[in-house]
């Protein structure tokens, strides 16, 4: 039987050595990106399910998948952060909100999330009509909705519209309000929802303070599809859904804190006023703070880092962004628990073009990781992740995890509404936090790039764009995880720690790619093709 050590001994035989070590590859000093190299295959003697992706993103914060969603206002709010944590990663809530309390509220939604619970269900109000329910069904696919006094979560629950109330109600093709939608009971689009709904006194209810097991038992005993969750005042707090409860069995890798709540991060800028924001999100239960700045080596970053470590020493802090070892040393010396690496490498970032400052992401990750890892500080590679293979490459260069923006934009869980773009393509808006759109939305985005709100001339370091619909993260994230596992299996490593050790020891070999090699490695020589990834 062939043993892995037999294969490794062949690799160490100079006459049979292919490629070069990572240190040899990076010794040429030219700026390398992820696309400039490949990793050579190793020996496989284990299954893909045996590959562990557990990693640390700070000294004390561990996650089960090396995936972090970027704190951008078109990428991460509570919906994205919840999904990221369910699949073993972590989401970082962006800071481009009108008020600090709004960001804290998003953190709370993540921390209060319970398996099967919908914390922000679409509600109808007392003044809603049958037409409004039909629109919710058409737009979101929901077959029922709670009815509250003013149509919001937190308002008094007065009833529930279920699929049974709408089973025989249909719209005409045009969806005109004057067209009858039922031949029975004289129900029309203008029929008040209060006439159709099941009133609250006829509903089975759960209480917000009940243990999840108790509410789930009530749902099962009464064979309910949905169970409204209320507080002592009868105000709607959440909706427990049978379909979502069944999905809960599919998250064995979920990232939890010591209290059994999902992990969640938040981004804060370097302005002095942001100390109030820090206090609010920490109060909400945030697990890690990211100090959000395009250039992390500044007096402003150091001041914010010191404030957080002095006022909230239990909270982990990822500082950045940095791309050099000198920058890394500065922030580690000031108490950073993790570092965020990248400057100008994101798909919507134009910093390198406009400011003439930045660094190729592959080289930045390698150089900073070599120094930071010696000091026990994990790094998160931020930017330049185009596909699943780039995640594996970032890890090979020393990253503990990758941060994704464009890769997650236009998923169902990303903030914003879909719309139809040119050619009938379903798209969502995606913008860099250094774009004029983001800066005009709120001042906190300007602070990331050291731009004052009063400045009449603003220099954009990002663009606004649209991204094609990627579908739900419930399909996309598992694809990314399994893709990384397959890549590591091909390399012959069982874990990220094993990967890092074999890279450092020169067992894992690399090869730089010529321009033609890059073309050859992609789809080519075809008349037409369809690229379906998952």
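Just so it is clear, glycine is given a Cβ too, placed from its N, Cα and C backbone atoms.
Secondary structure from DSSP puts residue 349 (active site, thioimidate intermediate) in a beta strand. Taken from Swiss-Prot, the feature active site, thioimidate intermediate covers 349.
Sequence annotations record features per position, and here Swiss-Prot assigns active site, proton acceptor to 448 based on sequence analysis.
Counting Cβ atoms from all protein chains shown, residue 293 (NAD(+) binding site) has 24 others lying within 10 Å of its own Cβ. Taken from Swiss-Prot, the feature NAD(+) binding site covers 292, 293, 294, 342, 343, 344.
According to Swiss-Prot, the K(+) binding site annotation covers 344, 346, 349, 520, 521, 522, on the basis of sequence analysis. In three-state terms derived from DSSP, residue 522 (K(+) binding site) belongs to neither a helical nor a strand segment and is classed as coil.
What Swiss-Prot lists as IMP binding site is 347, 382, 383, 384, 405, 406, 430, 431, 432, 433, 434, 461. Classification of residue 405 (IMP binding site) by DSSP places it in coil, neither helical nor stranded.
Feature annotation from Swiss-Prot assigns domain 'CBS 1' to 117-181; the stated evidence is sequence analysis.
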Please identify, from the binding-site residues 344, 346, 405, 521, 522, the residue with the sparsest Cβ neighbourhood, meaning fewest other Cβ atoms within 10 angstroms. 522
With neighbours defined as other CB atoms within 10 A, the best-packed of the binding-site residues 294, 347 is 294
Once the chains shown are all counted, how many other Cβ atoms turn up within 10 Å of the Cβ of residue 349 (active site, thioimidate intermediate)? 25
Residue 342 (NAD(+) binding site), number of other Cβ atoms within 10 Å: 28
Checking your reading of the structure: which of the binding-site residues 383, 405, 430, 520, 521 lie inside a 10 Å Cα sphere centred on residue 344 (NAD(+) binding site)? 383
What binding-site residues among 292, 293, 294, 430 are found with a C-alpha within 10 angstroms of that of residue 346 (K(+) binding site)? none
Whole-number mean of pLDDT values that fall within the domain 'CBS 1' (117-181): 77
